[in-house]
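Colleague: Per TrEMBL, the feature active site, 4-aspartylphosphate intermediate maps to Asp391. For Asp391, Thr393, Asp813, Asp817, the entry in TrEMBL reads Mg(2+) binding site. Here TrEMBL flags 1182-1212 as compositional bias 'Basic residues'. What TrEMBL records for 15-80 is domain 'P-type ATPase N-terminal'. According to TrEMBL, the feature domain 'P-type ATPase C-terminal' maps to 841-1092. The region 'Disordered' annotation in TrEMBL covers 1167-1267, 1281-1321.
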Amino acid sequence: MEAAGVDGEQERYLQANNREFNTRFGYPNNTIKTSRYNVFNFLPLNLFEQFQRLANAYFLILLFLQLIPQISSLAWYTTVIPLMVVLSITAVKDAIDDMKRHQNDNHVNNRSVMVVMNGRIKEDKWMNIQVGDIIKLRNNQPVTADILLLSSSEPYSLTYIETAELDGETNLKVKQAIPVTSDLEDNLELLSAFDGKVTCESPNNKLDKFTGILTYKGKDFTLDHDKLLLRGCIIRNTDWCYGLVIYTGPDTKLMQNCGKSTFKRTHMDHLLNVLVVWIFLFLGSMCFILAIGHGIWENKKGYYFQNYLPWEEYVPSSAVSAILVFWSYFIILNTMVPISLYVSVEIIRLGNSCYINWDRKMFYAPKNSPAQARTTTLNEELGQVKYVFSDKTGTLTQNIMVFNKCSINGMFYGHVYDKKGMKVEVSEETEKVDFSYNKLADPKFSFYDKTLVEAVKKGDRWVHLFFLSLSLCHTVMSEEKVEGKLVYQAQSPDEGALVTAARNFGFVFRYRTSETIAVVEMGETKVYQLLAILDFSNVRKRMSIVVRTPEDRVMLFCKGADTILCQLLHPSCRFLRDVTMEHLDDFAVEGLRTLMVAYRELDNSFFQAWSKKHSEACLSLENREHKMSNVYEEIEKDLMLLGATAIEDKLQDGVPETVATLNKAQIKMWVLTGDKQETAVNIAYACNIFEEEMDGMFIVEGKNNETVLQELRSARDKMKPESLLESDPVNIYLTSKPQLLRIPEEVPNGNYGLIINGCSLAYALEGNLELELVRTACMCKGVICCRMTPLQKAQVVEMVKRYKKVVTLAIGDGANDVSMIKAAHIGVGISGQEGMQAMLNSDYAFSQFHYLQRLLLVHGRWSYNRMCKFLSYFFYKNFAFTLVHFWYAFFSGFSAQTVYDTWFITFYNLVYTSLPVLGLSLFDQDVNETWSLRFPELYEPGQHNLYFNKKEFVKCLVHGIYSSFVLFFIPMGTIYNSVRSDGKEISDYQSFSLIVQTSLLWVVTMQIALETTYWTMINHIFTWGSLGFYFCILFFLYSDGLCLMFPNVFQFLGVARNTLNLPQMWLSIVLSVVLCILPVIGYQFLKPLFWPVNVDKIMDRIHLCTKLPLPPPTRTKLKYASCRRSAYAFSHKQGFGALITSGKILRSRAHAQGHLGSRRLETRLAAHRPEGAGRGPQKAGPQRKPRRSPRGKALRVTRCTHHSEKRGRWAKHGGPEGPNQRAVRRGGMRATQIGPSAPRLQGEPDITNPKISFLAPQPGQMDSASPLAQLDATRQALDQNLMQQQRHRSTSSSGSSKDTGAGIAQPPCISNDAISCPREDSDRKTVISAIDAPHRATDQGQVVREEQLNTAVFPVFLQEAKKRGKEFYDWQKDADDQRQGKPFFWSLEHSPAQS
């Protein structure tokens, strides 16, 4: 829904540099306001908000009644003073909160900005900017208002911006001015003379939409979103830019998305309003009964006693007297809702807010940032949250991308091993890789696997080619203001992480032009000619770049999602692909973002022909995108796989554990993000929002109402089929009560997840689909909403609030989260990477997401429990206090006479009982924080509001009625017709009053002692000290001196000393306490036995655990299935390829030459590249002769176990210092130590590890004579060999001392030079050896890759293993040999246990 502009404007008209013209339309200035009050409206507005509480309004009415002398039975000050105290305390608190908002607003409004005025630059404040002004912005400055870009320092008036404040994305985005204004450049005279008129749409909240027309010099120019810089953006990589102000202040899209500041009230406040109405009706009914009783009494008895009790002149009859008594009792019984209730509530909320502010465990030391309770009215609401709506970027994640692992040519890099060959977890103590050999390395980059650096230093051509592709295939911008200090500006942080990784490993992207890319390769600068960029899109999920190398070779480098690239690989890469896919599975297990990297060498003639097709497609006017896609596919095929990258989108600390804990507390987690679906879903798995064990995952991606409805109902049909039937109770309820929007809780038949994108959500939030969406989504365990606008986030929150009677919490860190933070019952802001807007508009703020569990499960639960105990006790003690008047009325002629002394009525709530209940409400804990976090199930009662609701209120009322009955009739029966020891009567009014009020205080004190579960010294002082203070005040108020000085005010002369020494009084106190407390003790004892709830069972477990040592907390382990592989590509939507190749990113020639280091780089063009440094496949030609390994060293292939850590990974083999045997999984398989130091069996030849080579056919050169085809023919011989080997081992293990190997069939030889199969009778294993054969060309033109792990030998065994089904194979690598430069080997050995 679009927000209307000034006076409902349909279009906006403005003229540059003409304030007089623009002022006519009444556009607002650039001032923003998040505060609610000012000096003039504070008092009336704050009082209006406070009197929205019915109790405050109720006491205001009582005050007016007490001013009427004919019905006033209490002094007016007994109501005025407490009411003034309550209103003042609340007003001061609200004023302090709003002062902080004013300070924040003033900080923003008083920022300085440069404005073009009369040919000069003038510095002014943000708040003084008006529509039509032209302002100047510099690099790294925030945008002041929504402005139309006029010109910039960059070529073609491009401007790079970061929009994290708006949409949470840190991707670099580009804006471009229209050509007619870009000519203005930074000429102040031209800018001041610019008088263009703009006609555009009215202010709205759509961040990605803007339409308008610029009229200048008699011509019209179309304006769109790409020409507009929005408030909240930050200028990046641009020295300066000028813009025309279009929208200011509240009209900017940022503020339009912030939503309105509303006064949030808790569910408890709403409940109290309802209960006040109930009490009011109950009070009215009692007054009515007593008034009728008074009328009857006056009519039958009082009329005849007028000589003793004369009627007033204004009382002509008993009916009139009854009416007056009705209002008199209304005043007397007003303490059923005491004004001190709200004073105490505010103090309790303030105290619990201070606990949050003081919590050191929610203090984030790196930023020196404590948790902040920015409001004091929502604390108990924290203990009732059912739905948490969270942003993703910057909230669940750190918004930091880290190059974590990679797979290059089948080799896994990224794990760290100790000296024993065991994998170790990376920690702060882990030694980092030393990049000191690279002067251009980024010092912030960290990597821990030294083998990758060693491979780079040794000149491994595949590793070099891999990092070369990363340094070339991207659209990153480079900035070098200080020589050697490179700053990369990337469209997405993951692309920046890849280029940074290549930079640190020795392939430094230095700078680019529209036709060249300069890369420093291992210290040598090389310039590659940029021929084409095949840009990334969400459909293609890949990007490619075509370059001409300094050696005049045309190369295509490609990176993208594995699901796409796997279909584009050459068939010869199928085995390397399988290995790489296994590594990708491992990456997915760790929740990493992945990309595949591949290349292709192109023939010159082929590229020239393709380039013509590409140019024709670019110039096509019809179906341009489709034609370009077809042209891209022609060249992006038959790719040779290089490897894969794994980037960690770092989660904030403790996020998975926090989400798992919240799930145990029955809190549902919804992620509302503007990010793409793949990213959001993978983060959801990493955070435990989604789990692999879920029964189903539903994806709603329809693009019309019918499709969305069908998808939602299909999901609901699977989760709860009966929910679609008319006989379903929920459907019957909704049909019978359509005016009631609350949907009862529906329980699905399993755990499910829902994924919906912003486009489908737009349809789902309309009309009847909204009900379908909320029913379907609320049955799911987790919900992911992606590609959302800020307004949609707020709409989703409002939808759940509207249809579900639950408490919602929204948490985010960016300006795009402000609307949902304001919409939710509780808004939490994280001071993260995306500015302070979310924090400034939140109710609670802290720096880390994992603090949320402490906020809810500890502070929230304690606050809720304390508030519930407080309300239950408060209502009880006032019912017991007030209803004594009701019983007394039957013995006082319904005359509105009070039972108690006036000063006792005044002090009862303010002094005598205030401190004990505050001690209970501020310090009580049913369990400590450790158990609160260890047993999140304790949180569940708050979600259903079990501890204080209408039912509990009725219990309090019944308990109060019973106690008041006991407190009146026990003292009355005790002193009835009683005399003192001296024979004097003691059944006088004042003695009876003292006995009743003393008994009352003892009863309520013992009651609160029963309610207290956590005693502190303060509780003891408050509880027992208040009782002792009562007796002190009693002797003071009833003292002779005070009564003689003010006889009209203090009338109970000598009552205290005369009554307190009576045994009847203490008998009355003991009986009253026993009779009032005994039912409570019985109920608390019998309830867990006969009506136990889940919490009672948990409390029993806790009590049992307290007798035992506390077990260490279990850390949540992330669960993934290897079959779920991430397919990210990039986090941005569209690439910069068109801009780069168009040359628009270039500065002027002189400016480019002035760029630091550019002239030096241009003069260092490499004529050729060194041996092994990033070289691609070698052309066929004369090669050196293959080297034979010494002593005929062969490769022993032994069947081994399914590795205990990762299946399908090049795992550690037990070498000289490693363990001989690994943990056995799936039974009967073990790994055997092999190497120069491994023990040899009798008759076994001396086998060491030769280098392994394999023949990799070039595209189109695979035939049946290849080693792969020949090896495939050995399958039958291999099967026979393994079977005989099993039988032979069984015989050998039962007592044979020698193994001759007789009768074991050997696989045939494949070739004479590449693969040899020595047949030695003394060897009891199948031996297939590979002789070291450096790169050479075969007759078929095949190129042999040196040290290639995915050889022609082992994949046959792997393939055979998969076919056999029950057989498991693995390959292993000796890391020690690798570090020493020794070749690799595999072992495939059968265990006797398998036989």
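Residue numbering: from 1, along the chain as shown.
Cβ atoms here come from the backbone N, Cα and C positions, even for glycine.
Just so you know, TrEMBL annotations never went through curation; they're auto-generated.
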Colleague: Taking helix as H, G and I and strand as E and B in DSSP, count the residues of the domain 'P-type ATPase N-terminal' (15-80) in helix, strand and coil.
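Modeller: Helix, strand and coil residues of the domain 'P-type ATPase N-terminal' (15-80) number 31 helix, 1 strand, 34 coil.
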Colleague: Asp813 (Mg(2+) binding site) has how many other Cβ neighbours within 10 Å of its own Cβ?
Modeller: 32
Colleague: Please work out the mean pLDDT for the residues of the domain 'P-type ATPase N-terminal' (15-80).
Modeller: 82
Colleague: Rank the recorded positions Asp391, Asp817 by the number of other Cβ atoms within 10 Å of each Cβ and report the first-ranked residue.
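Modeller: Selected residue: Asp817.
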Colleague: Rounded to a whole angstrom, what is the C-alpha distance between Asp813 (Mg(2+) binding site) and Asp391 (active site, 4-aspartylphosphate intermediate)?
Modeller: 8
Colleague: Return only the integer: C-alpha distance in Å from Asp817 (Mg(2+) binding site) to Asp391 (active site, 4-aspartylphosphate intermediate).
Modeller: 7
